[in-house]
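Under the heading Zn(2+) binding site, Swiss-Prot lists H207, H209, D220. According to Swiss-Prot, the feature compositional bias 'Basic residues' maps to 31-42. According to Swiss-Prot, the feature domain 'MPN' maps to 136-258. Among the features that Swiss-Prot reports, region 'Disordered' is placed at 13-42. Residues or ranges marked as motif 'JAMM motif' in Swiss-Prot (evidence: sequence analysis): 207-220.
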Amino acid sequence: MLSPCLAVPATECRDPADAPAAPARHTGPARPRKRRPRNWKPHLPRERLLERGPAALTDAELIALLLGTGGGGRDVFASARALLARFGDSLRDMLDAEPDVFATHPGIGTARSAVLIAVTEIARRALVEKARERLQIDSPGAVEDYLRLRIGTRPHEVFVTLYLDARHGLIDVEESARGSLTRMAVYPREIVRRALVLNAAALIIAHNHPSGAVQPSAEDRRLTRVLHEALALIDAKLLDHVVVGTADTFSFARAGWL
């Protein structure tokens, strides 16, 4: 008797026992599907900064990038907005804040405070350096703008001396003291000694009034007179004493007091 396998292709005439076993079903826990990351680029400040530049970010978003994470139960953007609001939404006021202000703000802490202090100091030095490069001593307006930028928003009184050569070129700028002129250790003899070391032919002195009022006090006028007379002994000239406020200045020279 002929085998039925002779009438059909061999592949169709296999013994069922020889057929390959069906793949076993996976009976364990389902494998989690990999989620494709969402495209957050239109939303996250870091990505927008890299793609569109820092001008695309708000002040609060720039601060949020510095903070990195939130604190005090807030997300990082709420922390950034709260910090900025503390300075009246003014980056300029934030730039001139005392270092301990950041550390005492809720949710900031020591590490974030250090970052903010470093960044604000870098920004302030860059602005002062840029203004100094463009400073024209023969232009009273430029000198006053420079001084306003340097000390106008300081929360304490700062005494600054500009040492000039015979052509009124800038030799050096020094902050001599801090506090208030009634308690600040401003010693005319030290300024005169420094002028001799630098071979300065002329000086401009300045200090700020944190109150914003620029009307000179009696102590301001007395110090100006003493320093003017002391510099005359070494053939150096006091060109001006500028009192600096947050938005205005007072010039002794312009007022005819020198």
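The backbone N, Cα and C atoms fix where each Cβ goes, glycine too.
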Secondary structure composition of the motif 'JAMM motif' (207-220) [DSSP: H/G/I, E/B, coil]: 3 helix, 2 strand, 9 coil
Helix-strand-coil residue split for the domain 'MPN' (136-258), DSSP-based: 38 helix, 36 strand, 49 coil
Model confidence over the motif 'JAMM motif' (207-220), averaged pLDDT: 91
Fewest-neighbour residue among binding-site residues, criterion Cβ within 10 Å, set H207, H209: H209
